[in-house]
Amino acid sequence: MDASIGDPRLTSVEAAFEKNPLPGFSWLVTPRAMAVAVLLGIVFCFVGMRIQMMTGFVPALNMPVTVLSFFLLKVLARQLQKWRLTVVPFTRQENMFLITCVITCLNLAITGGFATALTGMGTIVAKTLADDLDPRDIIDYIPTGKLIIYFFLIGMAGVLSNIPLNQIMIIDYQLLFPTGSVIGHLINSFHTPEGAYIAKMQVMTIFKVFFGSFSWSIFQWFYSSGSGCGFSSFPTFGLELYKRRFYIDFSATYIGVGMMCPHIVNFGLLFGAIISWGFLYPYLETKHGEWYQTDSPSNLDGLNGYKVFISVTLIVTDGLINFLILVTSAAINFYHIRQQQQQTSGLASYISKNPSMNYDERKRIEMFLSSKIPMFVPVAAYVAWTAISMVAMPAMFDQIKYYHVGVLYLAIPVVGFCNTYATGLTDWSVSNTYAKFSPFIFAAWIARPGAIVASLLVSGITMASLHVSSQAMQDLKSAHMTLTSPRAMIAGQVFGVALSSVVSPCIFRAFEKAAKPGAPLGSKDSVYPCPYAGLYRAICIIGMGGVKGLPKYCVELCVIAVLVTIAIDALVLVSQLKGWRLHLYIPSMTVIALPFFAGSYFTLDMCLGGLLLLLWKKIDTMSAEILSAAVAAGLICGEGLFTLPSALLNMFKVLPPMCMKFLPSGQEVEVVDSFLNSSGGTVPKT
């Protein structure tokens, strides 16, 4: 049998593992893998949710998950074998089961709506958009038990809607799923001596940087007693630019995120911050009394209306354009694949008719087909799950009705196919675009008090189910490349959903407790501002027809934003079709739009991270390629994990001993000195 891939001189991957027998189901779904999954699930949910609540988006954490999963499970397996508690060998298949558990857990945590839809239901976010609130459109507290049930319902909807597509996407259409392919190659390499050495080096780097980041967070904490205190409020470029939110807050998280994001994303964010906070908003402030009258920073009929609706317009327009491009591309590719299939009468028969197919592909397809699940099982399960959700969702949230849930669950498999197919082609899930468009439709459909909460629920269900589904297919691609049973992967996805359903609501409660007094979670002054929460709520308001109360020329500026977005996206598309390089230097309009609403401070930290990586690559390219993701993960995890002791200190009323704050010279210092003297304190004279 031919054991080569393309070029006979190249060694087959599966031939290298030929001596290792394929493990059974019980050797894949092991208690030790589940134990490590619980540990890593908690850590990465904590870190991922924290980043999302701080910045509005989460960089790809698949690589840190993959490296740490391999390292921790290998160490645990070796110790258990040393203590003679098990004879089960550590295999790449068990490694893949662990990875899909953790990634599914993380994906559900960051797409379930904690930083978007669920936070957007509360009074804190609602007051940033209006002063006169309808209590039927407000939910300030959702019991933890309800959150657990809600997350399990939407997570399982994503898993069940994905299963019927497994063979179609992986075998019939042979889609690439780039991230899944990379992880598959990585796992295969890790289970060789050379790959294990690199993995060990990466893990050591993560722990070293983690310790430094954690220590830096402790040091910063001592100077942060009070609002606007500490290094996070350091006026790097002076107090005037600080008022415009242009400063470096020395956040290891943002620097790490900047190292993981492409340079075009980092500088796109900075460009958006300069355009909005540097030019547009100062100009609009000069129109106070002419274009708008209110001084309220939250009302949509004031300056806030421009901020919210211009940013929403940019994001939604860019998302819809990219969605149309992806759907068109997917339809064209789908047509060509169907034409090829009609000529070959299906891939299964193609295997038997083409004995020259390389050894790796034949081996992988045989494994996949031998352990696939009959189609009627997931279809029947999804129908039953839809019925359960139609009863459970309205019982927990009376703003949404059973027929709203039924229509949404009917659309999820159809839209999920489009989203997963596009992910297989481009590695890009547009679930967030669907999550912005669906509440607009449902808000217009419901159009009565309570519609905002119902539409936000629709947004959360849409994003979580579609994203979990598409990313589960990425994991299945990795499983296909490592000869891991699809049934074991589905078991891992179910376990990941169950784990996330319990862990992520508890972590969310910890973040609520950790928020500083006077700056609760979701507020603009909070450590966790959840910048997208207001945007999602604003989309629901627009859907209900609430644009009539906007300030003067707001709609016209939104139309200009639409036209600019169309022009930029058209230029990018033409550049791609013509083979120019111009599109490589044009950032996404969604990236540019984020600072319009969230502020500009984090963009400088991210650019700093990107510049550090660029400098590192100039000095030592190989070291940067191997270890940069590990350094970024250490920076993010170190600061992220300090949130736990910080929250505990806050719960027990243990406050930092000092406040480092910067004030302009003159009368302000005298006022502060007078205040401190009346309180028994003093400002040291210099």
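Just so it is clear, glycine is given a Cβ too, placed from its N, Cα and C backbone atoms.
According to Swiss-Prot:
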TRANSMEM  27-47  transmembrane segment
TRANSMEM  53-73  transmembrane segment
TRANSMEM  96-116  transmembrane segment
TRANSMEM  151-171  transmembrane segment
TRANSMEM  264-284  transmembrane segment
TRANSMEM  308-328  transmembrane segment
TRANSMEM  373-393  transmembrane segment
TRANSMEM  405-425  transmembrane segment
TRANSMEM  441-461  transmembrane segment
TRANSMEM  488-508  transmembrane segment
TRANSMEM  554-574  transmembrane segment
TRANSMEM  629-649  transmembrane segment
Outside the transmembrane segment (264-284), at least 6 residues beyond either end, the same-chain residues with a Cβ under 8 Å of its Cβ set are 244-246, 258, 291, 303, 306-307, 310, 584-588, 591-596, 599-600, 602-604, 606-607, 609-610
Is it the case that the transmembrane segment (373-393) and the transmembrane segment (629-649) have 3 or more CB pairs under 8 Å, with pairs at least 6 apart in sequence? no
Give me the stretch from 27-47, 53-73, 151-171, 441-461, 629-649 with the greatest number of Cβ pairs under 8 Å to the transmembrane segment (96-116). 27-47
Range from 27-47, 53-73, 151-171, 629-649 with the greatest count of C-beta pairs under 8 A to the transmembrane segment (441-461): 151-171
